[in-house]
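Undergrad: Residues annotated as domain 'G-protein coupled receptors family 1 profile' in TrEMBL: 1-196. Under the heading transmembrane segment, TrEMBL lists 27-49, 89-117, 138-164, 176-199.
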Amino acid sequence: MSLDRFLAVVYPIQCVHIRTQSNSIKAVLCVWIVLLLGNLPLFMLSRVVQGSAEGSNSSCVTNYCTYKYLVVEIEDSNLVTDNKEFGKVFFTLFFLFGYFIPLVIICALYIGLIYRLRCRKIVQLKQSAESRRSQKRVTTLVITVVIIFGLSWLPLHVVFLFQYYSEDPNTTLFRVIQIVCNCLAYGNSCVNPIFYAFLSMNFRKAFIDLLHGRRQPAGMNPTKLTTANINRNITQDCDNLLQISASHRRSTNIVSPTQELALSEHVYDGSVEKTDQ
């Protein structure tokens, strides 16, 4: 999604024929296939083991599911303990490829997006109040998205690294913290759709109307916020922007701030909120 927003703002004309519904479906399918294949070894090699719930000296035993190479059997016992050496490599790579590198990429794309919104190559007139409000909303959205992702996943990675780089954190409190961090990390995927939806003015209005039992005005398309319609409107807006830009370059070489908002609104809203011309 970060890449999609970046392309929509920085390269709107060049990518208008790439960012289509069919290509979006293909991209989603490819991501799912790669992730499923990447996690297949974990699924095939996971097993339920018995381990001490309060450390190696405790008689309290608990059953839990784990990757078979992350544990080793204790001699003269059916219990297992953490495989520290393999765990260090496994969770260090997990931290790098599952958190640090994606976070760096997200930050880089959003920094480029904000820079593009603030530093247009086309000579501008003095920014209107609406233009400044739009840029402020986009900046707020970007910062919030990055913070939510970072705070949701960081605790879990810290717990994993602490588990295998420390001596023996295998206590009840540590297991509770681990479960909470897992819920926090996976909850990020649940929060994102709600977060993006309620930042959309169209969605908020439709949601309020739904709560009050109001019907949509006659002639309004109920599928207005679907991906297909969003991409279609983006295409139309890009074509209009291209025509406007060409016309102004031939005359005054200036594009009005209001016209420039046509694309930046897509980034903030996650939908199409057209600016009054």
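The backbone N, Cα and C atoms fix where each Cβ goes, and this holds for glycine too.
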Undergrad: Return the average pLDDT for the domain 'G-protein coupled receptors family 1 profile' (1-196) as a whole number.
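TA: Reported value for the domain 'G-protein coupled receptors family 1 profile' (1-196) is a mean pLDDT of 82.
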Undergrad: Is it the case that the transmembrane segment (89-117) and the transmembrane segment (27-49) touch, counting contact as three or more CB pairs under 8 Å in which the residues of each pair are 6 or more positions apart?
TA: no
